[in-house]
Amino acid sequence: MTSAENDGAAGAQSLSDVLQYRTIHGPLRTVFVILTLAAVLLSVNQLFNLQLFGLVVLDNRYLYSLAGIFLCLTYIVFPLRGKGDAQGAVPWYDILLGALSLAVAGYFVWTGEEALSAGWEYAAPQTAMILSFVFWVLILEATRRTGGTIIFAIVLLFSLYPAFADKVPGPISGYPLPLEDTIAFHIISSESSFGIPMRAFGELVVGFIVFGAALQQTGGGRFFNDLALALVGQFRGGAAKVAIFASGFMGSMSGSVISNVLTTGVVSIPAMRRTGFSRSYAAGTEACASTGGVLMPPVMGTTAFVMASFLGIPYIDIALAAALPSMLYYFGLFVQLDSYAARRGLKGLERAEVPSLRETFREGWQYLFVFAVLIFVMVVFRQETLAPFYATGLLLIINQIFPRTRLSLDGFLKLIQAIGRSLAELVSVLLGVGLIVGAFSATGLAGTLVNDLLFIAGDATIVLLIMGAITSFIFGMGMTVTACYIFLAIVLAPALTQAGMNPLAVHLFIMYWGMVSFITPPVALGAFAAATIAGTGPIKAGLAAMRLGSVIYFVPFFFVLNPALIGQGTTGEVLLVLATAFPGVWMIASATQGYLAFFGSFGDGWASLVNRALLFVGGILLIFPGFEEFHLSQIELTGIALALVAASLLLETGRRKLASA
């Protein structure tokens, strides 16, 4: 067995230890597969407008159907107490809850047309009121099982808020609704559980989840890991650079930081350890690489699809806007790891551990081909809703042609189970987060909070952005990124856009700062997951991840203050920001590690720390769009930045000469 295989085998135990879902067998597996196929087929029928069997489904019936199916699957596959009882058989009460989910959703599917025509969201019949309460409870419990206790508590409190709005203090008080009307509004209206989050899921997310699962199940993850090995494995710090590429690709497919860490980290972290990286740096590298994958086009996390619905723009516009910031983030991470390896004399992987680039392409060309098809259909035909279905179909057809990649019947069943599990987990969280949206919609609280934020910040844009960053970070610690984004898109984004900022830049800013919590203590879930594999302390891993991923703390401010960084500007403005942003990130990353390519290492004393600080500030100013408060244009600011960089290098050169004299 090779070292890589040993690493994978060792990691398999780590992965199984953190599983929070059941592995189901027998008749329930058959039910799970049938329900998943039914949901995917329903989505295909709806999105392609096939009208199979003469079936034309109203949007509310479509969303109720998806909710019923995936709530049922949630109760089958996600246990009551998390991983503690994940290995046992499905208990009777979970089967009952699953059946109840189908039955209650079935009632709302059956009465969907009547609910619209009769205005049930304002005056529902008694049966609908009772079943709305049951549906609400089912959604809350499913949210708890998939999203955790913290998000459950937040969702519960906000979902009940309209009923007690007159009893809360100060600026968050409002006009109350009766409790029964509040619950009915959540379930029957198109502004709560079945509002923007679920509409985004039904219209955009399903196809990309199916595509990501198919890509991984057919060997896409292995191909991208081998491709990264072939491209950068032999360079200094090669194992860490492989982690950047492999985790970036995998994270873009999965949309989940934690699952990405647990999937790629079991191979990348031991490889980094073998080539000289400390345990904390190996864990921090994997956490940063996996976090960035969710921010990288073309297949970003669920948050980007919800963002498209909030902004009312095509998903491809968001993917294109996110391209440059994600490249800056990975460039900064790459420079830091290269500098770390150079300063410590770390080597790359051995030749025997690195596959041939030609052989890698020969065995996995189809994955690049389907990615190209996906991007082509999205960009040229502007069909982001249908593109992942075309790409998935093409991938499975090509995959079945060649015996070496062909899926068996069991392989197909595992693929369908993976799709169902991912979709069920996501739907449960989105339904729960939708309750928060409904609470704001029912009471009009969002508008009040926006005005309060603007009043507190005054005319200070930077103050408002810092408030937004801190708020996003705090909520990101206790909620999933999508939940955090939806909450802040309602409360914070309007305040920032009313202050004159670009709406797309504002929403990306919120998403980025929601992601920061994955690599920032005290929570740092991505770093903590990597720490369990690396065998190091979670706080040490989190601090290493903070240092390695430091660019992520600055880039959101840069593109909000200068939207050309996300392609929102003239060609000249975009070219100018390109010419300054990458050198700026290079300086920031090099100063952080104390090593600049083509210059060498900085010293360890106070004088060198000052020189590194000058280099760091110079890098910041290179990317900054200008200081209107000080009447400095970007050109003038660039001149100051270059002067600081030059001063840093000249002073460090002088220090070296004095030290060697």
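Any Cβ shown, glycine's included, is placed from N, Cα and C.
All TrEMBL annotations are machine predictions without curation.
In TrEMBL this protein carries:
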TRANSMEM  31-50  transmembrane segment
TRANSMEM  62-80  transmembrane segment
TRANSMEM  92-110  transmembrane segment
TRANSMEM  122-140  transmembrane segment
DOMAIN    135-569  domain 'TRAP C4-dicarboxylate transport system permease DctM subunit'
TRANSMEM  364-381  transmembrane segment
TRANSMEM  387-402  transmembrane segment
TRANSMEM  423-447  transmembrane segment
TRANSMEM  482-500  transmembrane segment
TRANSMEM  512-536  transmembrane segment
TRANSMEM  574-597  transmembrane segment
TRANSMEM  609-627  transmembrane segment
TRANSMEM  633-651  transmembrane segment
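Pairs of Cβ atoms less than 8 Å apart link the transmembrane segment (387-402) most often to 31-50, out of 31-50, 62-80, 482-500. Long-range neighbours of the transmembrane segment (122-140) within the same chain, counting only residues 6 or more positions beyond its ends whose Cβ lies under 8 Å from a Cβ of the stretch, are 67, 71, 97, 100-101, 104-105, 107-108, 111, 115, 152, 155-156, 159, 180, 183-184, 186-188, 193, 428, 431-432, 435. A contact links the transmembrane segment (574-597) to the transmembrane segment (609-627), because at least 3 Cβ pairs that are 6 or more residues apart lie under 8 A. Within the chain carrying the transmembrane segment (423-447), a Cβ under 8 angstroms from the stretch's Cβ atoms is held by residues 21, 36, 39, 66-67, 70-71, 73-74, 77-78, 136, 139-140, 142-143, 145-147, 151-152, 154-155, 158-159, 161-162, 165, 172, 174-175, 177, 182, 185-186, 189, 191-198, 200-201, 205-206, 209, 302, 306, 480, 482-483, 486-487, 490-491, 494, all 6 or more beyond its ends. Long-range neighbours of the transmembrane segment (609-627) within the same chain, counting only residues 6 or more positions beyond its ends whose Cβ lies under 8 Å from a Cβ of the stretch, are 554, 558, 561-562, 564-565, 577, 580-581, 583-592, 594, 596, 602, 633-634, 636-638, 640-645, 647-649, 651-652, 655. If one looks beyond the transmembrane segment (364-381) by at least 6 residues along the same chain, the residues whose Cβ comes under 8 Å of a Cβ in the stretch are 211, 215, 219-220, 223-224, 226-227, 298-299, 315-316, 319, 387-388, 390-391, 394-395, 398-399, 405. Here the transmembrane segment (31-50) has long-range neighbours at 24, 57, 62, 65-66, 69-70, 72-73, 76-77, 202-203, 206-207, 210, 385-386, 389, 413, 416-417, 419-420, 423, meaning same-chain residues at least 6 beyond its ends whose C-beta is under 8 angstroms from one of its own.
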